[in-house]
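Copied over from Swiss-Prot:
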type	residues	note
TRANSMEM	18-38	transmembrane segment
TRANSMEM	87-107	transmembrane segment
TRANSMEM	120-140	transmembrane segment
TRANSMEM	166-186	transmembrane segment
TRANSMEM	202-222	transmembrane segment
TRANSMEM	265-285	transmembrane segment
TRANSMEM	292-312	transmembrane segment
TRANSMEM	328-348	transmembrane segment
Amino acid sequence: MAEFFAAPFWTDFLWPLIVMVAQSVLLLVVLLIAIAYILLADRKIWAAVQIRRGPNVVGPWGLLQSFADLLKFVLKEPIIPSGSNKGVFLLAPLVTCVLALAAWAVIPVNLNWVISDINVGILYIFAISSLSIYGIIMAGWSSNSKYPFLAALRSAAQMVSYEVSIGFVFITVLLCAGSLNLSAIVEAQHVRGLGSLIGLPWLTFLNWYWLPLLPMFVVFYVSALAETNRPPFDLVEAESELVAGFMVEYGSTPYLLFMLGEYVAITTMCAMGAILFMGGWLPPIDLPPFNWVPGVIWFSLKLFFMFFLFAMAKAIVPRYRYDQLMRLGWKVFLPLSLAMVVIVAGVLQFADIAPK
C-alpha cells in the first residue's frame, strides 16, 4: 500500500485529480447556494424599489423561496414540442449551464483559492462567454418554432456586439497589470496604482483600476448587462412583452437550467468586475482592522455590490429598443473602448509606468 501511494501514478496524476474533483464539487455546492440567495436578493431589491415586500412566505423572511421554486420546477413534467429536434432541444440548456459553471474554474476568490490558476485566465473567461451563444442558438433552432428562433438570433447579435467592447476592456486591464492571470491582476492592484504614486500605498482602494479606468468600468458594467441579457437590455426575454424569448417552448428542469445558467453568468460578470476593477480579495485600506478580515469576505462583498448595481438597473431603467441597443454597442462603446486602449497604452509608455 505504501508503495502505491509513493508511485508516480498516484502522486503525479491520481491524487491531484482527486483534489481537483473535490474542489470542483465544493465550489459547485457553494456557488449554487449563493445563486439561490442572489436570486432572492434580486427579487427583494426589485420589491423594495417598488415599495413592496417581495417573497416573504416560504421560510423566515422568505429565505427558502428559491428552494421552493427549485422543487416546483423539478417536479413538473418536461414537455418536448412535436417536430422539435429532441436531442438538441434537451442539450441546449445543459450546454448553457455547464459553460456558465465552467467559467468559475479560473476565478480566484482569495489568494491561492482557485481551482486552476492558469496564465490566460481572462482569455479563458472571454472564450467561455463567447461559447454560451451556442446554447441559445441550439435552443432557438431545435424548438421548431419561428418565435424562439428569431429570439435566439436577436440574442446572438446582441451578445456578439457587446463582446467586442468587453474584449477591449480586458485589453486595457491587461496593459495596466501586465498579465492575463486573474490572481496577478489582483496583486498588481496591491503594489501599483494611484495610491502608490502619491505615496499612500496603504490606501489600497486608490490602487484599484476603477478610478484610473473609470470610463472602462462603466463600459464593462453596461456591456455585462447586455452580455447576460439583463434589464434594460433583456430584449431577448422581455418578460412583459415576449413571454420567454428563445425559452418559450421550455418548461420544468430544462427551463430551470437556462435560468441557472443565466444567473451563474451574471455572478461570473460580477466576479470579473470585482477582480478587474475593485482589487478582488484585497481590503480597501491595508491597515488593521480592515486587513484582519479574510479576503474571501471582501471578494464576496464586492461581488454583491456589483450585483446590487445589476439589480438596480433592472428596477429603475426602462427597457431599450433594439436599434438603441445596437447603436449603443457599435457607435458609442466600440469607439470609446478602442480610444481608451490607445490612451492607456500611450500614458503607460510615455509616463514610463508600464508593468515590466
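First residue shown is number 1, and so on along the chain.
Keep in mind that glycine also has a Cβ here, set from the backbone N, Cα and C atoms.
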Stretch among 202-222, 265-285, 328-348 sharing the most Cβ pairs under 8 Å with the transmembrane segment (18-38): 265-285
Tertiary contacts of the transmembrane segment (87-107) (same chain, 6+ residues out, Cβ under 8 Å): 24, 27-28, 31, 80-81, 114-118, 121, 124-125, 128-129, 131-132, 134-136, 138-139, 141-143, 182, 249-250, 254-255, 257-258, 260-262, 264-265, 268, 271-272, 275
Close approaches to the transmembrane segment (265-285) from elsewhere in its chain (Cβ under 8 angstroms; 6 or more beyond its ends): 31, 34-35, 38, 100, 103-104, 107-111, 113, 125, 129, 132, 169-170, 173, 182, 185-186, 189-190, 202-205, 207-210, 213, 217, 220-221, 224, 227-228, 230, 291, 293, 295-296, 298-299, 302-307, 310
For the transmembrane segment (202-222), distant same-chain residues with Cβ under 8 A (at least six beyond the ends): 165-166, 168-169, 172-173, 176, 189-196, 272-273, 276-279, 282-287, 306, 309, 328, 333, 336-337, 340, 344
